[in-house]
Amino acid sequence: MALARPGTPDPQALASVLLLLLWAPALSLLAGTVPSEPPSACASDPCAPGTECQATESGGYTCGPMEPRGCATQPCHHGALCVPQGPDPTGFRCYCVPGFQGPRCELDIDECASRPCHHGATCRNLADRYECHCPLGYAGVTCEMEVDECASAPCLHGGSCLDGVGSFRCVCAPGYGGTRCQLDLDECQSQPCAHGGTCHDLVNGFRCDCAGTGYEGTHCEREVLECASAPCEHNASCLEGLGSFRCLCWPGYSGELCEVDEDECASSPCQHGGRCLQRSDPALYGGVQAAFPGAFSFRHAAGFLCHCPPGFEGADCGVEVDECASRPCLNGGHCQDLPNGFQCHCPDGYAGPTCEEDVDECLSDPCLHGGTCSDTVAGYICRCPETWGGRDCSVQLTGCQGHTCPLAATCIPIFESGVHSYVCHCPPGTHGPFCGQNTTFSVMAGSPIQASVPAGGPLGLALRFRTTLPAGTLATRNDTKESLELALVAATLQATLWSYSTTVLVLRLPDLALNDGHWHQVEVVLHLATLELRLWHEGCPARLCVASGPVALASTASATPLPAGISSAQLGDATFAGCLQDVRVDGHLLLPEDLGENVLLGCERREQCRPLPCVHGGSCVDLWTHFRCDCARPHRGPTCADEIPAATFGLGGAPSSASFLLQELPGPNLTVSFLLRTRESAGLLLQFANDSAAGLTVFLSEGRIRAEVPGSPAVVLPGRWDDGLRHLVMLSFGPDQLQDLGQHVHVGGRLLAADSQPWGGPFRGCLQDLRLDGCHLPFFPLPLDNSSQPSELGGRQSWNLTAGCVSEDMCSPDPCFNGGTCLVTWNDFHCTCPANFTGPTCAQQLWCPGQPCLPPATCEEVPDGFVCVAEATFREGPPAAFSGHNASSGRLLGGLSLAFRTRDSEAWLLRAAAGALEGVWLAVRNGSLAGGVRGGHGLPGAVLPIPGPRVADGAWHRVRLAMERPAATTSRWLLWLDGAATPVALRGLASDLGFLQGPGAVRILLAENFTGCLGRVALGGLPLPLARPRPGAAPGAREHFASWPGTPAPILGCRGAPVCAPSPCLHDGACRDLFDAFACACGPGWEGPRCEAHVDPCHSAPCARGRCHTHPDGRFECRCPPGFGGPRCRLPVPSKECSLNVTCLDGSPCEGGSPAANCSCLEGLAGQRCQVPTLPCEANPCLNGGTCRAAGGVSECICNARFSGQFCEVAKGLPLPLPFPLLEVAVPAACACLLLLLLGLLSGILAARKRRQSEGTYSPSQQEVAGARLEMDSVLKVPPEERLI
């Protein structure tokens, strides 16, 4: 018997029921009309159990299967359909109507059991439905909607409605009240108007009418003041009275309200035509041409001022003026007084009404041969080129012809008093008429050079120097009053001026180091109470650095006077060593032969640091005559060749220590430094102590260096120091940090190991180059060397120290497994592992070098095994199933990652569930990413907010889902998509994914109802094996996640449908595969998903004006109307008018009117404005093969032998047109034509006769037209063979 789908009636059973229903009335009717018959043969129930007796017409019976009658008792309730069910005849099945259930449909389904009604509504269970009785303020089928009582706008007069649950509240506009703001409030009810004012009610206010009360204000509260309206004019003062007022006027004003401005100019007080100005006129104050200074004031408005004509002055213009009294003539001009004026007689070189103009004599360009003119008073100076001289550069200089200057010098020609000569401009370090004197000399440290110079010159020092020392005095100049010094301080230049032993000014150029061994030119000079320091250097702006400052020199002398007329100078000092040249003191050159002692001529020296003498990374310092090596610790010695020996503490586990007894205590500022190398995280490094207590203690704790002083907080140095590398440790302490240090210094531990335990126990490792304030505390005796090295400090005692930094033998016993080779790496070891093994001790086997995975899968190492990782393609097939029953249940599964691409809008990516309490899933819902985690502990779980990001686009997407706090029992879960920096938090809390591993692990399903590709899928960092190992590959020690038995292998590789084979793109469009979708790159002129639509670029009306024209390649062109231009005819173009904006160059005429005027260019010109000159033959005017030749700016045609004329337009041999009447030419021409026609007819007859005679033979000559070329015959065709002749 076929099984019916649950909830669907059996068709055969339904048919039986219908037959019963139709035949039952008929049988009843027959039963009532047919007469009773004798008892049936079946009355004795002769048939066997399970069968039914049927009487026959002959009075017998037959036994057959029993008819079903299980529904006869109507066992189904509530209108359910009863259908008999076999094989039991009494069997039946009830098909319930909606709303009921149970074997007999006796149970009414309570639709209210799921509590569908919200907000406290009452649920009423009905047949196959429910009904929610909503509380006040809610509506909807499930009372999910809150009723907005404000929707009907119940609040009047602009009131704001605040919706509540089942109610509303009106916030009324000012001036209204009531539950619905329907009441206009009467603000006059409180009688706000005082002093009998009348109140008028307004909306949200009132107005007091104070007329007739004598008061004013909002409430008629202020008495009216008559002066408040400022009735007095011209800033007069108003005196308040009882119902009246009085104005006090300023002088010059009158009237009851001071409204009258008295006219002081009415009597014409100004003489000689002077202009009278009233002081009461405000327009005469302020501005550029104001008659009165300052601002207008009524206090000074009385009176007048006379503006006198030229030549007069005084209060009333009664005094005549002497114009020369003010000395108006400038620059020594003589003033001559004139009536109402003056005249200046100017000296030479000046001009102008007041001789204020300096006559520029250079305006006449007096300088010749390119000379530059500089104007002077009543003259000029010409700066001539090198080969010219004289006042006007008119004389060619010949003085350097045959000069005897040396090659390094420059000859400068001179022309003076009509005589040609020259001078030699010497290079640095030389002097003399022919640069024969050497000015270069060397200065040694401690041997300064003394010199005397004549007094009276400008106070200054100038020289060139070179040195490698950073400090020292270059030169000093002294006399009875002032002293000037030029020195190097920290390798930079400094100048100091003293006056009577008092420092007046110090100038510095701090930005350039000058101890580089190169020559540098410097100068310091005092001029016009300003001291200026100059340095010529490439690093300066414009190659010159300047520092200057004002100087105020003392007037009294206190220094010991030197001999009259002599100043002294000193070159060098106790520290400076180098070379000087071109030294000038107060402008006087100091030559080496005049200096006396300590002078070494020339500047010869060897660079001290080449080749580099310092080893072990030491830095070489060139000290001019010798060198110094600044050694990197722990190296020492003149060339850093020696190393301060290190000491190994605790070698072999034996406690070690060293103690020092200081001869004297360190100063208030203490610096402790040493080199440290260790792999131990704890141990005592150094401790100051006295006989009773410990002072400063430096020790290792948890790999960090700590320094402790009693009574002060500990100092912890950042970072870890126990990495086995050598580190320089330097600690500095101030006077307020250290009190009583003690004279004993314990290093590496105390004599008794137990005494070191509070600070981590005895130290194990290496210490080297221990210093206190730069002084050594050596663990072993140091060899004697030069005094530049740090000195030793204190006595020494040591126990179990090993010289050098010696490592423990970490390879004994051998820690490497599987044949690894052990190498000692200072208190550590390194195992070189053979193939297929890795790890610190080669204990971890590598599986992937054996290539256990077949392409396209790749092998990925996992703990105790490997996984074949690959991309896989799924096509709505069965999902890939995996199990983590072999995975360690102790491993934390705090997240998963998955890569996929699909265009499905509904699909499962990953799904696993352990009952209803634990599970994880990722899916695509409506084209967006969805997911969630249920982690037990009675929590509802965490769900990704919807809608999630869109992912059904065919592109690869990478999802990472992880716990925010993996170590916690429950945590938020975070999701990263495609490497986003900010994750999305799932709503809710859940625990980890431990239910996916261990013996009770659940099945993990991938790609269920999914079409697309999966990439790497990992749980807790362990990938799932989408690909299987190659046959015969050795399995790993543990298979963490395995394929579920019976799961078919997926299709490896990501392969989309062949959407571009054949290409769906029309009209030569290029198909682009987008994974289960395609896109067409259409050619010009086509568009649409398949390039099926012809592009009309003019359809969108791109042209703002004019007409749009389509090109065959799909482009459009806007053809603009007059007055507009641009690609889309948007730009207004001014009309072209010959008299307005069209200018034709070189005399070419402008033709045409607005808007299209243009230029008609003359011969030889071209361009829009005839601005381009053309070559005469550029247009080639010659005809009939003539050659154009340009001659004198015009073209000339050279014709061949058959033509002539200006343009070769006339053919030679043809009669020229004659100046005869037309008839005299036409008649002879007609006769000639008739004669030619007759001759042609005769020739044709003869040719026909000749052709007939040649029939039956082939003669190529017969195919030719007599007297003509072969290709000119347009009637007869040449046979192919004839073309070869």
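From the backbone N, Cα and C atoms, a Cβ is placed for every residue, glycine too.
The secondary structure of Cys82 (disulfide bond), as reduced to three states from DSSP, is extended strand. What Swiss-Prot lists as disulfide bond is Cys71-Cys82 (among others).
When other Cβ atoms within 10 Å of the Cβ of Cys134 (disulfide bond) are tallied across all protein chains shown, the result is 22. In this structure, Cys134 (disulfide bond) belongs to neither helix nor strand by DSSP; it is coil. Look at Swiss-Prot and you will find Cys134-Cys143 (among others) tagged as disulfide bond, backed by sequence analysis.
Sequence annotations record features per position, and here Swiss-Prot assigns disulfide bond to Cys227-Cys238 (among others) based on sequence analysis. In sequence order, Cys238, Leu239, Glu240, Phe245 are the residues near Cys227 (disulfide bond), counting only same-chain partners six or more apart with C-beta under 8 A. The DSSP secondary structure for Cys227 (disulfide bond) is helix.
Residues or ranges marked as disulfide bond in Swiss-Prot: Cys367-Cys382 (among others). When secondary structure is read from DSSP and collapsed to three states, Cys382 (disulfide bond) falls in the strand class. Other C-beta atoms found within 10 angstroms of the C-beta of Cys382 (disulfide bond) number 20, with every protein chain shown included.
Within its own chain, Cys405 (disulfide bond) has Cys411, Tyr422, Cys424, Phe434, Cys435 as residues 6 or more apart in sequence whose C-beta sits under 8 angstroms from its own. Marked as disulfide bond by Swiss-Prot on the basis of sequence analysis: Cys405-Cys424 (among others).
Residues within less than 8 Å, Cβ to Cβ, of Cys579 (disulfide bond) and separated from it by at least 6 positions along the same chain comprise Thr440, Phe441, Ser442, Val443, Phe465, Arg466, Thr467, Cys603, Arg605. In this structure, Cys579 (disulfide bond) is part of a beta strand by DSSP. Look at Swiss-Prot and you will find Cys579-Cys603 (among others) tagged as disulfide bond.
The disulfide bond annotation in Swiss-Prot covers Cys766-Cys805 (among others) and rests on sequence analysis. In the three-state DSSP assignment, the secondary structure recorded for Cys805 (disulfide bond) is coil.
The feature disulfide bond is assigned by Swiss-Prot to Cys1013-Cys1054 (among others). Under the three-state DSSP scheme, Cys1013 (disulfide bond) falls in the strand class. Non-local neighbourhood of Cys1013 (disulfide bond): Glu871, Ala872, Thr873, Phe874, Phe900, Arg901, Thr902, Cys1054, Arg1055, Gly1056, Phe1075, each in the same chain, at least six residues away, with C-beta under 8 Å from its C-beta.
Residues or ranges marked as disulfide bond by Swiss-Prot on the basis of sequence analysis: Cys1060-Cys1071 (among others). According to its DSSP assignment, Cys1060 (disulfide bond) is coil. Here the Cβ of Cys1060 (disulfide bond) has 17 other Cβ atoms within 10 Å, regardless of which shown protein chain they belong to.
Applying an 8 A CB threshold to same-chain residues 6+ apart, the list for Cys1118 (disulfide bond) reads Pro1102, Cys1103, Ala1104, Arg1105, Gly1106, Arg1107, Cys1108, His1109, Gly1126, Pro1127, Arg1128, Cys1129. Residues or ranges marked as disulfide bond in Swiss-Prot: Cys1103-Cys1118 (among others).
In the three-state DSSP scheme, Cys1129 (disulfide bond) falls into the coil class. Swiss-Prot lists Cys1120-Cys1129 (among others) with the feature disulfide bond.
Residues annotated as disulfide bond in Swiss-Prot: Cys1138-Cys1150 (among others). Taking all protein chains in view, 17 other C-beta atoms sit within 10 angstroms of the C-beta of Cys1138 (disulfide bond).
As annotated by Swiss-Prot, domain 'Laminin G-like 2' applies to 647-805.
Annotated N-linked glycosylation site per Swiss-Prot: Asn235 (among others), in sequence order. Listed in sequence order, the residues of the same chain lying 6 or more apart from Asn235 (N-linked glycosylation site) and placing their CB within less than 8 Å of its CB are Trp250, Phe298.
Residues or ranges marked as N-linked glycosylation site in Swiss-Prot: Asn438 (among others). Mapped onto three states, the DSSP output places Asn438 (N-linked glycosylation site) in strand. On its own chain, Asn438 (N-linked glycosylation site) has Gly429, Thr430, His431, Pro592, Leu601, Gly602 as residues at least 6 apart in sequence with a Cβ closer than 8 Å to its own Cβ.
The N-linked glycosylation site annotation in Swiss-Prot covers Asn478 (among others), and the record cites sequence analysis as its basis.
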(Q) On a C-alpha basis, identify the one among Asn669, Asn690, Asn926, Asn1158 that is nearest to Cys134 (disulfide bond); the candidates are the glycosylation sites. (A) Asn926
**Q.** Length of the line joining the Cα atoms of Asn926 (N-linked glycosylation site) and Asn1009 (N-linked glycosylation site), in Å
**A.** 14
(Q) Is it possible to get the count of other C-beta atoms within 10 angstroms of the C-beta of Cys82 (disulfide bond)? (A) 21
Q | Among Cys603, Cys766, Cys1129, the one of these disulfide-bonded residues whose Cβ has the fewest neighbouring Cβ atoms within 10 Å | A | Cys603
Q. Taking the Cβ of Asn669 (N-linked glycosylation site) as reference, which residues of that chain separated by at least 6 in sequence fall under 8 Å from it?
A. Ser732, Phe733, Gly734, Pro735, Asp773
Q: Out of Cys71, Cys367, Asn800, Asn836, Cys1071, point to the one nearest Asn1009 (N-linked glycosylation site) in space (Cα versus Cα); all of them are recorded positions in the record.
A: Cys1071
(Q) When you rank Cys82, Cys143, Cys1071, Cys1138 by Cα distance to Cys367 (disulfide bond), which of the disulfide-bonded residues ends up on top as the closest? (A) Cys1138
Q. What is the total of other Cβ atoms whose distance to the Cβ of Asn1158 (N-linked glycosylation site) is within 10 Å?
A. 15
Q | Sparsest-packed among the disulfide-bonded residues, when each Cβ's other Cβ atoms within 10 Å are tallied, from Cys367, Cys805 | A | Cys805
(Q) Spatially, which candidate from the recorded positions Cys71, Cys143, Cys1071, Asn1158 is nearest to Asn478 (N-linked glycosylation site), comparing Cα atoms? (A) Asn1158
